[in-house]
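Remarks on the structure that follows.
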Amino acid sequence: MDSASGGPSDPNSVGGEAPPATGSTTTASASSPPAPPSRYESQKRRDWNTFLQYLKNHKPPLTLARCSGAHVIEFLKYLDQFGKTKVHNSGCPFFGHPNPPAPCACPLKQAWGSLDALIGRLRAAYEENGGRPESNPFGARAVRIYLREVREGQAKARGIPYEKKKRKRPSTVTIAGNVSVGPSSTAQEGGDAGAGAGGSDGGQSGQTTTSAAAVTTTTAAV
Ligand SMILES: [Zn+2]
């Protein structure tokens, strides 16, 4: 978040988060059917290009080869400025309220589900572009820990148990696609990978059932 602010050319394409959501929409069911694999592929390509662009604009200069999990986290934090998901501060009266009755000044951020799905796509893209699994910064332990913290923090702040997503997988299509492209051992680790896969199509399909994800499901790519 700190140093890099060159700005990718199309930040909105990342994470598939671009609806004019208020952050409190409950089932704003994005209405589109589960995305076909090709959509996942194209989203993945867009995300990858955005990340490369981010590296290019990075100060100080950063190459993919030198990219670490810490840089990935920095990238995710940088993306928060383009987020559309209201995340209440602990001091906000609406902290923990899934459907606040009024607006507040809390920041908009990238929803955890968007970030998790984004990381899944970038992790796959990294290896598809010649990166070795063992040096994949998107699979770094620090990144997983960061995502878990985001998930837990947002669940508290927004009163939304993200875990519920896992039970309601809309379609196995995207899940299978995600898993298959990330054969590295990290893909199997923890339930996170599976949960992320649910929204791995970039939120395009709007299948995520919790309001948390629904907020971020529609994408500019429609
Ligand atoms: Zn608030």
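Cβ atoms here come from the backbone N, Cα and C positions, even for glycine.
Please treat TrEMBL annotations as automatic predictions, because they have not gone through curation.
Copied over from TrEMBL:
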{"type": "REGION", "residues": "1-43", "note": "region 'Disordered'"}
{"type": "COMPBIAS", "residues": "18-32", "note": "compositional bias 'Low complexity'"}
{"type": "DOMAIN", "residues": "39-166", "note": "domain 'ALOG'"}
{"type": "REGION", "residues": "158-222", "note": "region 'Disordered'"}
{"type": "COMPBIAS", "residues": "171-185", "note": "compositional bias 'Polar residues'"}
{"type": "COMPBIAS", "residues": "191-205", "note": "compositional bias 'Gly residues'"}
{"type": "COMPBIAS", "residues": "206-222", "note": "compositional bias 'Low complexity'"}
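Mapped onto DSSP helix, strand and coil, the domain 'ALOG' (39-166) counts 80 helix, 4 strand, 44 coil. The average pLDDT computed for the domain 'ALOG' (39-166) is 94.
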